Structures are given as C-alpha cells and as structure tokens.
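> The substrate binding site feature in Swiss-Prot is assigned to ASP21, PHE22, ASN23, ARG36, HIS59, LEU60, GLY61, ARG62, ARG118, ARG151; the stated evidence is sequence analysis. Look at Swiss-Prot and you will find SER183 tagged as phosphoserine. Annotated ATP binding site per Swiss-Prot: LYS201, GLU323, GLY350, GLY351, ASP352, SER353, in sequence order, evidence recorded as sequence analysis. For THR299, the entry in Swiss-Prot reads phosphothreonine, with the evidence type sequence analysis.
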Amino acid sequence: MNKKTVRDVDVKGKRVFCRVDFNVPMENGAITDDTRIRAALPTIRYLMEQGAKVILASHLGRPKGKVVEELRLNAVARRLSELLGKHVTKTDEAYGDAVKEAISKMNEGDVLLLENVRFYPGEEKNDPELAKAFAELADIYVNDAFGAAHRAHASTEGIAHYLPAVAGFLMEKEIEVLGKALSNPDRPFTAIIGGAKVKDKIGVIENLLNKVDNLIIGGGLAYTFVKALGHEIGKSLLEEDKIELAKSFMEKAKEKGVNFYMPVDVVVADRFANDANTKVVSIDAIPSDWEALDIGPKTRELYRDVIMKSKLVVWNGPMGVFEMDAFAEGTKAVAQALADAVDTYSVIGGGDSAAAVEKFGLAEKMDHISTGGGASLEFMEGKQLPGVVALNDK
C-alpha cells in the first residue's frame, strides 16, 4: 500500500484523532454484534502502547444530522472498555470546548470516545468548518474506518486536509487484501456474485469480468440472467430493464474466455414464506406461479467444484433468501465449500455475505472478511475511495 500508516508517524504524547467504524447493530440499547469494535482493537492498542492520547470518532446508524438519543455511543464506550480492560471516557459532543477540556486531562495511553459524528449535519456534507473543528482536537489523524472509506465525510475525508493523515491497521489490511485480489490475483480466480438486484452489482460484474477466470452468479439477480437466456422464471425476481445488460455480460464473458456459471436447478416456492410449499426444479422448468428463492442441489455441487479448484475466491452476495432457513442451503453450501477449500484464499465482501458466514458459524474458516459492505463493493468496482485517497502518500 502506498499510503502512510500509523507505523510511519511518531505518536508518543500526541493527540491522535482516530476514525473507526463502530457502526454496530443495536437492539433495545444493547450491542448485538461487536465484530466492528473488535476489528479496530489492534490499531487502538498500538496507539495506546506507543503513548498516544487516543481520541476515537465513529458514526452509528443514520441520525441525519440531529441528536437521536438511542444512537449515542454510550453502549459502545462500555463495550470498548471491557475489551480493552481500561476505562474509556465518553464525551456528549464530538467537538467544542467541553471536548477540548476532556482531552486536556488525558494522559499518554488514555482513550476517549467522541459522540456520534453524524449528529452534526456537517459530517455527511463534508463541511470544512466541521472538519477543522475535528482537526483542532488533535495532532495526527488516523483513518481505520474502511467501512466508511467510500464516503467523503468530514471525519473520513475533510479532516485529512488539516492534519498529517495515515491509515490504521484494519484499513491497511483491507486495502492490501482487496488490492492484491484485483491487481495481482492467484489463479484460478473466481468471483461469486449474488444478492437481490443486478443494478447493485453492475459495476462489480463489469470490473471483474476483466480479471477473473470464473464468474458464479446466484441470488435474486440470477433470474434476470436466466430470463435473458430465454427461460421462463415464473414469479421470480426480474429486472426487466436489465435483460439486455445481462445478455451483454454473458457475451463479454465468452469473448474474454471467462467461465460464466449460472444455476442449473433451483428451489422454488409457492409463496415468499419460510413455511411455503417448496420443490426443486430444473432451471428451465420453473412453474409460472412459483418463485425461485435459492439455488438447487446440483447447482450447489457445481459451484462447490469450481470453488475447490480455485486459488482465490471473492464472494459478494448470498445465493438465496438465507434469512429463511428453507432457502438458506445454497448460501450455506458456498460458505461450507470456502471453509473446506484449504488451498483457496477466501475474501468475503462484507454486508450479507459476512452476515451469512457468521450465521453458519464459519467465519473463523474464512481468510478475510471485509468490514465494509459498500466500501468493498466500490473498491471491487475499481473506484477510488475518498477516505483512502485523502491519506498521506508514503
């Protein structure tokens, strides 16, 4: 990575504004999954050990520029204290005199968590005044929030113009793993693209068709491709306006010598419910009033074989409606194949795929689970991420 990291700056005795991604799922004021907090620990611990005064900033949810009591970061501060085994001071604002006062009382190795940065309208507008107010709190800026790197916000991009700006360890790892996958992949290189809609994955498919040896399609978006081949898809998800695009993708794959894999059989249901009547049918035999909600057993075997023969697999998007157990087998089969393929480096592209490997208890068996759904998607589209671009070059 050609960006400076925390290793390249002397942080001893310095105030370090570290943007992290603590946007964790909450229910009734309690954190239901602390993966994102844990992911930032190596950088936080390093800064503490090096004698920095660590000032952490994050967003939580979508308060839209105003204070929402349920989205305060108090529960996050408590959980972080437990994980670090050290008290974390939490402020009620993210900048201003009270915050400066709290920072002035910090010793080397202390940790302070600012209030939710999205309580301020200037954050998402990337307001230079807010960015300057954040910068006034510190001597050095560290961005370890890969999950927010595709956003040009005051705490992810704006502040980097006013302070020395470097990457944290998580940011560094994400860019290195995803960067290598796109620029110098081990082969055979397979991409598995699922999820509900073609329109969300157009950029990824376009970019990856130039790089992969195998492209596997699943999830709701597959049925637009099935329709493009001239098959009837019953009541399955269809994006009518994307049929021609689907055709062009398949033609491009052929031109480039990319093996394009689509479902050969599917699990269909008579309604969208976990207790619906279901059956397995061949891809060209979907009944007119049924809908396909998962890939079938033959497809699972086919996809497993491709995965097992690959050296690198990037997976983004589930194979079916995995939230319902009746339609989770396809997604589970892909996750299991990745877990079993010991010679295959697996990169899970955040979002639903990450949630799926967690759900099936296979997260530990994956080589890299990206912490950023949207960010990893944009990275795989070949886009520059504003939060990364803003950091100092080596």
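Placed from the backbone N, Cα and C atoms, the Cβ positions cover glycine too.
Map these features onto the structure and tell me what's around them.
Within 10 Å of the C-beta atom of HIS59 (substrate binding site) sit 27 other C-beta atoms, taking all shown protein chains into account. Annotation note: HIS59 (substrate binding site) sits in a coil segment as assigned by DSSP.
Its Cβ taken as reference, SER183 (phosphoserine) is surrounded by 8 other Cβ atoms within 10 Å in the chains shown. In the three-state DSSP assignment, the secondary structure recorded for SER183 (phosphoserine) is helix.
Neighbour count (other Cβ atoms within 10 Å of the Cβ, all protein chains): 30 for SER353 (ATP binding site). DSSP gives SER353 (ATP binding site) a helix state.
Secondary structure at THR299 (phosphothreonine), taken from DSSP and collapsed to helix, strand or coil, is helix. Within the same chain, residues at least six positions away from THR299 (phosphothreonine) with a Cβ under 8 Å of its Cβ are GLY218, PRO263, VAL264, ASP265, VAL266, GLY330.
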> Do any residues at least six apart in sequence from ARG118 (substrate binding site), in the same chain, have a Cβ closer than 8 Å to its Cβ, and if so which, in order?
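In sequence order, the residues whose Cβ lies under 8 Å from that of ARG118 (substrate binding site) (at least 6 apart) are HIS59, LEU60, GLY61, ARG62, PRO63, LYS64, GLY65, LEU71, GLU124.
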> Identify, among the binding-site residues GLY61, GLY351, the residue whose Cβ has the fewest other Cβ atoms within 10 Å in this structure.
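Sparsest of the binding-site residues GLY61, GLY351 by Cβ contacts within 10 Å: GLY61.
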> According to DSSP, collapsed to three classes, what secondary structure does ARG118 (substrate binding site) have?
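DSSP call for ARG118 (substrate binding site): helix.
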> Pick from ASP21, GLU323, ASP352: which of these binding-site residues has the biggest number of other Cβ atoms within 10 Å of its Cβ?
ASP21
> Could you state the whole-number distance in Å separating the C-alpha atoms of SER353 (ATP binding site) and ASP21 (substrate binding site)?
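Taking the Cα atoms only, SER353 (ATP binding site) lies 18 Å from ASP21 (substrate binding site).
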> How many angstrom lie between the most widely spaced Cα atoms of the substrate binders ASP21, PHE22, ASN23, ARG36, HIS59, LEU60, GLY61, ARG62, ARG118, ARG151?
17
